Amino acid sequence: EQCGRQAGGALCPGGLCCSQYGWCANTPEYCGSGCQSQCDGGVGGEGGCVDLGSIISRSTFEEMLKHRNNAACPAKGFYTYDAFISAAKAFPAFGTTGDVDTCKREIAAFFGQTSHATTGGWPTAPDGPYAWGYCHKEELNQASSYCSPSPAYPCAPGKKYYGRGPIQLSWNYNYGQCGQALGLDLLNNPDLVATDRVISFKAAIWFWMTPQFPKPSCHDVITGQWSPTGHDISAGRAPGYGVITNIINGGLECGSGWDARVEDRIGFYKRYCDMFGVGYGSNLDCYNQTPFGLG
């Protein structure tokens, strides 16, 4: 016997169910009638992946973002595995929803999009253009204040809300909402997203996890929890990685045919899916999708 009263109350590894007879597995015979402990089989309320560290190891993180600490990268030394794992704990469903392949695909998609946003790569870069994600932590062009008049999220005097962090969080209304969710005053302190490495990752994961009408969350799309409406279908928005690009930057990149930025997002995503050994899914681009909010 491996678990339960037959084994001194031991729990099964990996969140598996302990059957009435003291054996570990996650099938109905073990998790059903008589099950002694962990009777959701590791699926739990959030999904089939026990913890994020089992989906993306430190060594995988380092290989995915292998040139982020290059001397030429402005963000060198900023983005760390520990900061990522720490930030993700504030969002228990992130990277842990669905079966293991779904969890891996979500992490590949998150890093695919954020690597594009922070890339330092170029077509002939060492190890290819998709090994240079997370080279930047702030938008290169900081001339714009990204301030949209908002009574709910007023711009602070002298502050700019240009892109910062992995997702390049932009605009006062995003800083305001994100700050509320994280318990931080990001309207007055937007630089925290580029100076505190845990807050930086938290802001990116917050954006990923949070729907903003009429857009679903990136998380719900990649985990298969988003069902397009008839309106979405007529606008070409079908489930897949392409809809996530539409959520993030559809107004500039989607619905107008081929776009190098979209291809770059796809290139990172495919590299990471290949590293995780998972399929890409369908509908990777957004070339025939109307941007959200425009139809």
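Including glycine, each Cβ sits where the backbone N, Cα and C put it.
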(request) Name the residue from Cys73, Cys103, Cys155, Cys178 that Swiss-Prot records as disulfide-bonded to Cys135. (result) Cys73
(request) Regarding the disulphide bond with Cys254, report which of Cys273, Cys286 Swiss-Prot records as its partner. (result) Cys286
(request) Tell me, from Cys3, Cys31, Cys49, which cysteine Swiss-Prot puts in a disulphide with Cys17. (result) Cys31
(message) Among Cys147, Cys178, which cysteine does Swiss-Prot link to Cys155 through a disulfide?
(response) Cys147
(message) Are there residues at least six beyond either end of the domain 'Chitin-binding type-1' (1-41) with Cβ under 8 Å to its Cβ atoms? List them, or say none.
(response) 50, 54
(request) Write out the long-range same-chain contacts of Cys73 (disulfide bond), meaning residues 6 or more apart in sequence whose Cβ is under 8 Å from its Cβ. (result) His67, Gly120, Trp132, Tyr134, Cys135, His136
(request) Filter the disulfide-bonded residues Cys12, Cys17, Cys147, Cys155 down to those whose C-alpha lies within 10 angstroms of the C-alpha of Cys35 (disulfide bond); answer none if the list is empty. (result) Cys17
(request) Pop the Cα-Cα gap between Cys39 (disulfide bond) and Cys286 (disulfide bond) into the table, whole Å please. (result) 41
(request) Sequence order is fine: just name those disulfide-bonded residues in Cys3, Cys12, Cys147, Cys155, Cys254 with a Cα within 10 angstroms of Cys31 (disulfide bond). (result) none
